[in-house]
Amino acid sequence: MSHLRKHHQKERAGSPLKNEITSSSSLQSNPPTIKSTRKISKKEPQHIFRRHISESSWTLWNWYRHLYWVGVLTTVLIPLTGLYFAFKIEIHPYTIYWSFFYYCLSSTCVIAGYHRLWAHRSFIASYPIQFFYAFFGASAGIGSIKWWASSHRAHHRYSDTEKDPHTIRKGFVYSHIGWMTLRPHPKVKNSMKECLGDDLIDNTLIDWQEKNYNELLILTGLMIPSFISGIFWNDYVGGLIFAGIIRGALVQHTTFTVNSLGHLIGTQPFDDKKSSRNNWFLSWLTFGEGNNNFHYEFSADFRNGIHWYDFDPVKFHLIILEKFKLVKNLYRASNSSINQCLLQHQQKLIDKRRAKLNWGVPIDQLPIISPEEFRKWAKDESHNRALIAVAGIVHDVTPFVDDHPGGIALIKTSIGKDATSAFNGAVYDHSTAAHNLLATMRIAVLSGGTEEIVWKQQQQENKDVPLKQDSTGQKIVRGGEQATIIKKPLRTAGAA
Ligand SMILES: [Zn+2]
Ligand SMILES: [Zn+2]
């Protein structure tokens, strides 16, 4: 029987408020249809009917109601007991090898079976392989396939929200082990039900594993590891403690680490909208499930590490099974779509950096003045400001005059004039950096005969096409495409 079923039954048996709690959870999904006919007595405080235990603070009187006892037993109490005895008994060397082998076997069944096959359907498995995964997957003590796969689907669908069963927003401990040992909020239960899917409901093997989960856990998690050690090298107790309990706890923490550290430490080369991260070191800690950021973008991919050097033993396990025709249709995301995703994210990061830089006032936001006004303005202000027109755009280069690499005299000859030709090669062909710097000093555009030219320049620098805009709608000014760059220097009427 799964965690989910047990949990429900426990609630029903243990709580006199069962009707109210159930109706309050159905309230979350269908607000208008409250079917409970029981009248709320005036003496009963009404908040009880709305607040779930997971929303109450911990007190001396309610702490035990916060705990999900089946989870506490399988992920805390039994492992701690195992750890205590692990220091008390002597271990046979063969038991160490056997424990390691059985750890790899259980982890493979959880990762290939629970995760990649049932939660994400990233390949099709033959019945014997499915049975093998379902049978030995139970040895990890992380719940039944139905419970785990639905919780994992809810985690992907509602990642980082309150509907995420182990959202990292509740902190490292909660996302690691808290969600296994505390009673979940009704919203989480609802999201898990939502994500169950027909493939998990109408499956006789998954049903069978669900119904016999406790027996399978005892058989594969404790008895088989103990009996193998006992029958072959007479170490029943060592097998029970190390290959059974300690090994089980390690597989549990392998999967827990994906949920906790896999959302906390590492890089985000594919997307940073959610918390999932890639971390090569975590791949070693999690038996090859460290590339969480890739997995969130391509969760249907049967691989977790796409490079040959990524530690992803389950990927090789599946490739070998495919050769023997025991699994088929291993889904691989195309290199092109992987690269698209990588590139889009890089573009997003570039856009962010671009947005922080000064590209000058957009041309269409500058005031328009006539060439006559420009000349007069430049003359009147000649003692305080240095105004220069380049490609129909007026620039106030005052702060730069003294720093001009070509000398103060050269720049001064252009003050109050059209310096388009001089700037674009007639005197000196200015660099990309110089055009960028000039753009930061623009203050107006020239009207009259130059309007058409300015309009063209504006189009060049500020075109209304997506290619010219980044994801935030900011214009992209590429080197060599600045408005002040003129391939064939143009004369602006009247300004020269
Ligand atoms: Zn995750
Ligand atoms: Zn997943």
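Even glycines carry a Cβ here, placed using N, Cα and C.
Heads up, TrEMBL stuff is auto-annotated, nobody curated it.
Lifted from TrEMBL, the feature list:
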| type | residues | note |
| --- | --- | --- |
| COMPBIAS | 1-10 | compositional bias 'Basic residues' |
| COMPBIAS | 20-35 | compositional bias 'Polar residues' |
| DOMAIN | 366-447 | domain 'Cytochrome b5 heme-binding' |
| REGION | 1-42 | region 'Disordered' |
| TRANSMEM | 67-87 | transmembrane segment |
| TRANSMEM | 94-115 | transmembrane segment |
| TRANSMEM | 127-149 | transmembrane segment |
| TRANSMEM | 216-233 | transmembrane segment |
How many of the residues that make up the domain 'Cytochrome b5 heme-binding' (366-447) does DSSP mark as helix, as strand and as coil? 33 helix, 18 strand, 31 coil
If we skip the immediate neighbours and take only residues 6+ beyond the ends of the transmembrane segment (216-233), which ones have a Cβ under 8 Å from one of its Cβ atoms? 74, 92, 94-95, 98-99, 102, 135-136, 138-141, 209, 239-240, 242-245, 247-248
Over the domain 'Cytochrome b5 heme-binding' (366-447), what is the model's average pLDDT? 86
